[in-house]
Structures are given as C-alpha cells and as structure tokens.
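Here's what TrEMBL has on this protein:
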TRANSMEM  23-45  transmembrane segment
TRANSMEM  57-76  transmembrane segment
TRANSMEM  97-123  transmembrane segment
TRANSMEM  143-168  transmembrane segment
TRANSMEM  180-204  transmembrane segment
TRANSMEM  231-251  transmembrane segment
REGION    280-342  region 'Disordered'
COMPBIAS  323-342  compositional bias 'Basic and acidic residues'
C-alpha cells in the first residue's frame, strides 16, 4: 500500500462529535441541493414535458442520497425544519439545533454553487440575467396564489413531510430497516411534492430555498427577493411552523401511545406471527470451576453432552464421575486439583 490509509484516517478524523455531525449535515445538504437543483436545471434546459414527474423524482432521489451520505453520522436531517422537529420531540439533543442549522444553510449555498458550476456555460449565455434561469435555484409561487395561501401551502407541506419522516424513523412503529430509511424518506418527499408542488414549488426546507436564492442574487439575479410579492420569507417561516405541527402531531397522536411492554402486540399483527417469531430465552447455565469448566447442570437439554454419575446427588459437591475426562486446556487452581484427572 502506497499510502497508509489507517494512519490517514486517524489523522483526519474529527474527534468532537458536534463538529463531526455538523460537517455531515453540511455535506448532506449540499448533496440534496446539488442533485435536486441540477435535476430542475436539466429539465428546464431540455424543455421536456415530463417535468411534473422528473423534478419531484429528482429531488426525492437527492434526499434519499443525502440521507444515505450523512445519516450514519448525524441522522441525515439535511433540513432545519427536521432538526427542529427532532429536537422538540426528544430525538435530537437541543445543543445540535444551532450548529446543524448553520451547517445546513452553508450546505445549501455550496450545493447551489455546484449546480452553477455544472451548468456554467448555460448561465454565461444569460449574461443580462433577463431569463427565468433563477428558478433553478429557488422556488417561486404561481401568480394566482395569495400570501396567505402560499404560507398555508408551505406550512401544510412541511407538516406532511415531518409527519412521514417521524413515522419512518420511529423504531417502535413498523421498524423500517436501517438500509431502507433513506429510500422511504425520499418516497415521502416525492409524495409531498406531487401533492402540493403546483402552488409554490414545494420548497419544504429553509436551507434548500434561502441559501440557493442568496447565491442566485450574488451571481446577478437582482429580483429573486422581490419576486412573488417578496415570497422569499415564507419558506423561512412557514417551514418552521409546519415542522412544529407535523412533529408534534405524530408525537402526540402516535408515538406516545406505543405499548410499554414488549409482549403487547399491535392490533392486526397477531395473526401474522408464526412460532418462529416467539423466542424463548433461558438463563445461561453456569460453568463450575470445580469440575474443570464443564457444565454441571441437568436442568437443560444437552447436545452430545457428558453423562452424569447417577450415584452423585444433585447439589452435592465434587467429585464427579471419574470415568469422564476433564478438559486438559482449562486452567484449574490447586484447590480443585484431582490426580485422577491428570
């Protein structure tokens, strides 16, 4: 091996847990925004009529990938609203709220920069910034929707998203396998976008909307904060409101009502259980030192075990059947040494 990778890992590994997890949130959010905005740009430039499916599918895939990238380190929130909901319901420490939020907004900005770099030549053709290419980076409402309607749309959409995420990540509910959590959350996002994307574009994530919007302003699109009757503040506020509602709705309606005893079976699942699902546990038998480490019990079944001396009463002390050899590799003290077994 040319480069000792174990040494590199030890040298580069971040020891502080909050810094390490915040970095994972930054990279995860950048992944989400880059793949998602790139899907929007690609469909916009091609001019396909399948945008109504391609964009939600692209962002759902981006979210699934982002969760897989960062989930094992930080939980894969990649959304300040999700972090708020997890903190409010006790699934995440409150001291993670601020650093995760900062990392997510920085990640959104980085993802927008990566999208700009991927389609740099296309944006260079729009040197006067007169086209609608700014819509690649952020969401904008339809002209007919009011401010109140847009706020309600974002609040309800984010509540739906949080409600689904809480259900998928609830280990005491349907026990979604760890490897399937990312795909399940991406499917939830796909459903929410296809259900409400027509109104405002379904941002559902302050870091996904505000940071790319700020980046588009920096590269020359001056009207991004004025468009849609100053729509930019709605994803910032309404998504937090929706996250609060969605997280507590699941918490108080579902999560707190899980049975405390593991023996209780949820309704509708008892008929699906088979005898293989019922596990009978027994206490591990003790290994006595006085008989050379062999098991000295007759209460449990043996598989090819040793015979017991019928003349020896249970509970009595040593000796055992002298016809049975002891384990020569088992360490024994002088207090229990017996020359007959030597």
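Backbone N, Cα and C atoms are what each Cβ position is placed from, and that goes for glycine too.
Looking at which of 23-45, 57-76, 97-123, 180-204 has the most CB pairs under 8 Å to the transmembrane segment (231-251), the answer is the stretch 180-204. Beyond the transmembrane segment (97-123), the same-chain residues lying 6 or more positions past its ends with a Cβ under 8 Å from any Cβ of the stretch are 18-19, 21-23, 25-34, 36-38, 41, 45, 74, 77-80, 83-84, 87, 133, 136-137, 206-212, 214-216, 219.
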